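Participant: OK, Swiss-Prot features for this one:
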- Y132: active site, proton donor/acceptor (ACT_SITE)
- G15, Q16, L17, D41, I42, A63, Y64, T65, Y132, K136: NADH binding site (BINDING)
- Q16, L17, D41, I42, A63, Y64, T65, Y132, K136: NADPH binding site (BINDING)
- T104, D105, W157: dTDP-beta-L-rhamnose binding site (BINDING)
Amino acid sequence: MAGRSERLVITGAGGQLGSHLTAQAAREGRDMLALTSSQWDITDPAAAERIIRHGDVVINCAAYTDVDGAESNEAVAYAVNATGPQHLARACARVGARLIHVSTDYVFDGDFGGAEPRPYEPTDETAPQGVYARSKLAGEQAVLAAFPEAAVVRTAWVYTGGTGKDFVAVMRRLAAGHGRVDVVDDQTGSPTYVADLAEALLALADAGVRGRVLHAANEGVVSRFGQARAVFEECGADPQRVRPVSSAQFPRPAPRSSYSALSSRQWALAGLTPLRHWRSALATALAAPANSTSIDRRLPSTRD
């Protein structure tokens, strides 16, 4: 197991995952440099060369995550999701640092050729739909080509459940209201509580796993409709207010996979503890007041 003497370097520290990862690392008293995307533009190769040093463990949380916006901003999406990670990988390889690159379930399309869907393994064939998905897969490929010892971690349906714009946060607010809420029932995946994901990434950093593509998501599979009803139940609202509809009733610029649940089997085989079941994680996320799940955007003190 790798020691805690290594400096943890977090990119995208102002985002949903990056801010929670930074907060968790601070609570654990780790030596850390956490920089927001405004402080560190990962599309600038000189920045990576300047910041990353020998022995660092870099966790790349920086990403262009506007799935629909990527359809009209392809160049930006590829710059942040593919070229930027490549710069990080090259810098890590050059100085002798480690790299954990966060990717997405969007690299899969849910087509099992008529067979019964089952959670995707890291070795399953990818088939990204849309600009965002293609840019994230390109990032994975660029990272591993530049630095084969890097670790790529795919996750899915990440949420805080707080005051933000993630699915659970939105459903939580709707549960407090009245009337019917229509939610698609033909998109199935692995909801992942951001706090659990942050802890999983730190465990991976400590384990020193290299040169692998792994999946890290809360256990279990559910549709968006089922997830929404679970949110209502946890909030004490009537789950019958949530009604199933098809994705065709909510057309979006970018396509969504019909099924993108992720298997944790390889995560466990790597000696890591799989994340708990999604329903247990959801209960934890919703047990606290909504505003308490939002991270203070002022980053904890870090040192160069």
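Backbone N, Cα and C atoms are what each Cβ position is placed from, and that goes for glycine too.
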Participant: If you draw a 10 Å sphere around the Cβ of W157 (dTDP-beta-L-rhamnose binding site), how many other Cβ atoms fall inside it, taking every protein chain shown into account?
Facilitator: 25
Participant: Let's check the environment of D105 (dTDP-beta-L-rhamnose binding site): how many other CB atoms sit within 10 Å of its CB?
Facilitator: 25
Participant: Which state, by DSSP, holds L17 (NADH binding site): helix, strand or coil?
Facilitator: helix
Participant: Would you identify the secondary structure of T104 (dTDP-beta-L-rhamnose binding site) according to DSSP, in three states?
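Facilitator: In the DSSP reduction, T104 (dTDP-beta-L-rhamnose binding site) maps to strand.
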Participant: Excluding near sequence neighbours, so keeping only residues 6 or more apart in the same chain, what lies with its CB under 8 A of T65 (NADPH binding site)?
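Facilitator: Result: G15, Y132.
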Participant: Return the residues near L17 (NADH binding site) by Cβ distance under 8 Å, restricted to its own chain and a separation of at least 6 in sequence.
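Facilitator: Once residues fewer than 6 apart are set aside, L17 (NADH binding site) is near C61, V102, V158, V194, L197, A198.
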Participant: Cβ distance under 8 Å to K136 (NADPH binding site), same chain, sequence separation 6 or more: which residues?
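Facilitator: In sequence order, the residues whose Cβ lies under 8 Å from that of K136 (NADPH binding site) (at least 6 apart) are A63, N81, A82, S103, T104, Y106, V107, P128.
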Participant: Express the distance between the Cα positions of I42 (NADH binding site) and Q16 (NADPH binding site) as a whole number of Å.
Facilitator: 17
Participant: Measure from the Cα of D41 (NADPH binding site) to the Cα of every one of the binding-site residues Y64, D105, W157, then give the nearest.
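Facilitator: Result: the closest of the binding-site residues to D41 (NADPH binding site) is Y64.
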Participant: Using Cα coordinates, what distance in whole Å links W157 (dTDP-beta-L-rhamnose binding site) and Y64 (NADH binding site)?
Facilitator: 15
